[in-house]
Amino acid sequence: MSMKKHLQVPHLLLFTIVFSTALVNEVWGSLQYPIVVSTWPFLEAVRTAWEAVDSGFSAVDAVVEGCSACEKLRCDGTVGPGGSPDENGETTIDAMVMDGVTMEVGAVAAMRYVPEGIKVAKLVLEYTKHTMLVGDQASAFAISMGLPGPTNLSSDESIEKWTKWKENYCQPNFRKNVIPRDDCGPYHPNGPSIRRCMMDNEPRPNEFGSVNVGLHSHDTISMAVIDQVGRIAVGTSTNGATFKIPGRVGDGPIAGSSAYADAEVGACGATGDGDIMMRFLPCYQAVENMRLGMEPKLAAKDAISRIARKYPDFIGALFAVNKSGIHAGACHGWTFQYSVRNHGMNDVEVFTVHSQ
């Protein structure tokens, strides 16, 4: 009897192992992660994030690695130090990282003197109970936590760009309803600001477009990563809009606007006219759309359409990726490209999305 029991147990274990393996293979066969998705053809940033997540890094750490690579490369001159001078000729940094498992967010905004925005954002996430630090206080925090600084974030290129802008009477700029209208400041209100009902000949909100945002001023890397065990994170980094009013914070460090992640659903990353897009929290909307059962393509399209109905001349785009790794993009006002890497690809692949 004891020998019979001894023989039965291995058969039972073998059946259990075979059944479990088959179940795992069936489940993983329908999944497409780990995966890295990023706005724009920032190939080296995606490769860096992929190498990290493929070697076992968590989603958060892989996002930081990828965005950090973009900062060091100064992707398109709109990420990291040395680009997008403000009205004073200074470059500042906005960045954010979000853990889609814990829903924790770390962000910095209008940060001076410290070039590694995404790493500071991670420090805020890991070592504070806050969500965002801003300005010189964010810089002081970063340096106190061991990051290098203070350092000048301007470059020869950014100073040259700023100098030419000044010579062009500070045009274009982000001022409105001020005097002087077509020259550099100091600026003053053009008469009293009175809110009243609009007359028929006055411009409506949807008549204003993204006049200072174009193909070469999209100014953000927004990246999502799903790691080997299905954890999801997103991150962003930007040096903001070129010739912005000093102190301006765009959508880059705003969770739900430039990026959003929920490991139960998926993630989203956005780019474009942040001053308009942040009013709609398009990435939060896209993720919530997927929560309600929409496929990523429809979820992204709906989120962009909500903005376009109010501002038909705005420029912006986003990608959405669900928790299985299925991805899609949507855009308005330009042609958008986003980059993807997963195990089914030999290298990063770039997907092109045309304006809807």
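The backbone N, Cα and C atoms fix where each Cβ goes, glycine too.
Residues or ranges marked as active site, nucleophile by TrEMBL: THR220. In sequence order, THR39, THR78, VAL79, THR236, SER237, THR238, GLY250, ASP251, GLY252, SER258, ALA270, THR271, GLY274 constitute the residues six or more apart from THR220 (active site, nucleophile) in its chain with CB-CB distances below 8 Å.
Under the heading substrate binding site, TrEMBL lists ARG248, VAL249, GLY250, ASP251, THR271, GLY272, ASP273, GLY274.
TrEMBL lists 1-29 with the feature signal peptide.
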Review point. Near ARG248 (substrate binding site), how many other Cβ atoms are within 10 Å of its Cβ?
Key: 18
**Study point:** Site with most surrounding Cβ atoms, counting all protein chains shown within 10 Å, from the binding-site residues ASP251, ASP273
**Key:** ASP251
Revision key, fill the gap. Cβ proximity for VAL249 (substrate binding site), under 8 A, sequence spacing 6+, ordered by residue number, returns ASP94, ALA109, ALA110, VAL134, GLY240
Review point. Within 10 angstroms of the C-beta of THR271 (substrate binding site), what count of other C-beta atoms is obtained when all protein chains are considered?
Key: 31
Check your understanding: Of GLY250, GLY272, GLY274, the binding-site residues given in the record, which has the fewest other CB atoms within 10 A of its CB?
Key -> GLY250
Review point. In Å, how large is the greatest distance between any two Cα atoms among ARG248, VAL249, GLY250, ASP251, THR271, GLY272, ASP273, GLY274, the listed binders of substrate?
Key: 16
